Amino acid sequence: MTPFHLYMAQRLSALVMAPFVLVHLGVMIYAIQGGLTAAEILGRTQGSVFWFLFYGMFVVAVSIHAGLGLRVVLSEWAGLRGTALNALSGVIGFGLFALGARAVWAVTAGGV
Amino acid sequence: MSEREIISVTVQRGGPDTPQRLQVFEVPAFESQTVLDVVSWIQQNADPTLTYRFACRVGMCGSCAMMVNGVPRWTCRTHVNKVLNGGKIEIAPLRNLPVIKDLAADMDPFFDKWVAAEGRHHPTRSRDDDIAAINPEQPERVVASSGIECINCSICYSACDTVAGDPDYLGPAALQRAWTLYNDAKDADKDTILDAVSGKGGCHSCHSMGSCTAYCPNGLDPLSAIAGLKRATTQRFFKGRAK
Amino acid sequence: MKAVARAHPLWLAYILHRISGIGLALFLPVHFWVLSLALNNAAQLDAFLTLSDLPIVKLAETGLVFLLAVHMFGGLRLMALEWLPWNAAQKTWAAAATAGAFFISIIFLMQAI
Ligand code: SF4
Ligand code: SF4
Ligand code: FES
């Protein structure tokens, strides 16, 4: 992984997310009209292959993107370098992925 | 100005061997006075031990840059009345570089990175060949020409927050130089240039904050030059290396 | 404050992008955790969601939507600046047009439902 590859991963994960974010914003604004309930959210997402793939890919992209983004911030603003930097940003990326994957599983497959 | 007005000038003193401290000088105001004039007045009339650097006094040599009220500027061409802040000025050595003493910053890292960014000529011909004719209107040449008036003042380097956070970052001037050579028909080694700017601290570390372009005293645009390098490296990634 | 001495529009865009990114990254684990409550504790999720009626939470939500929108448009602007060989004016217009289109569609969406 050269710095260039990290850069490409950062941009490509961002490009992948742009349409996801737009849909996510749209759904959010739609969903909060009249309050949020678990039943409403789950009714939309549970058992839906579409939402599973949608949020699944979203979570993969966001874990990469946030992991790499925080890596830069940790290096520039907290002075982390080398192994410490790689290890911590790796933990952040995989941690986000694990939490995100659990959430996607919960809202799309959980009740089935 | 009937009575000579007095400017209160705060100067950062000291260096690696002496503790840094701020010293205030009262300097008489003159007409068309530059910040460099102010510094010279202090050195000649108030404290001969004040260290600073200049050479041409006309904005050609790039040796007189300092932080003026927190902003990097070429002091020989910065008029006092443009930067005067309630009768006061703060002068410090250039940011992001080691201090030698007082207002003289150590430019070595700046020039070392210029070389590290492959900012050197890779000839296409030898001395036995004819000189290649270059059409100044050719698009690549126009791009290259837009970056060649750099005076190596390091103002962009001092303005850049990415340099501040990442000691490996090559910085705007060196990367702009690389982009200039990349677009030069007389340069034979484009791939080496792209390799040099793709490593640790290369062009991909730039966050496009544009402080380089905002403060370059010569109106150059390192921000766009670095974007050009990013574009060229990205294109090379998708298309594969040329030959 | 010396950093503020050097503030200018593109620099502010950079700071906004970085701060919004950090904010979103900090929010994500909480967001994921709340949603995964649906897995074995739907009642608790509902208890959580009723919080979203509180004005303070509404405000926070609005803040998050703002962060997300700002970060996305800031990022698209960045990629256009880096990858598209357009001139500065074209880029400003493109950014203004997308932002305009976005806000119009949001208003439309809020009217429609
Ligand atoms: S655009 Fe890049 S090089 Fe210029 S000041 Fe910003 S980070 Fe530094
Ligand atoms: S690009 Fe401008 S600010 Fe940077 S070193 Fe050259 S002349 Fe100075
Ligand atoms: S003294 Fe030469 S540029 Fe200022």
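Just so you know, glycine gets a Cβ as well, placed from its N, Cα and C.
According to TrEMBL, the protein has these features:
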- C:HIS71: heme binding site (BINDING)
- C:12-39: transmembrane segment (TRANSMEM)
- C:59-80: transmembrane segment (TRANSMEM)
- C:92-112: transmembrane segment (TRANSMEM)
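Same-chain neighbours of the transmembrane segment (C:59-80): 13, 16-17, 20-21, 23-24, 27, 52, 86, 91, 94-95, 98-99, 102, counting only residues six or more beyond its ends whose CB sits under 8 Å from a CB of the stretch.
In the three-state DSSP reading, the residue listed as 'heme binding site' counts as helix.
A 10 Å cutoff on Cβ-Cβ distances gives C:HIS71 (heme binding site) a total of 25 other Cβ atoms nearby, all chains included.
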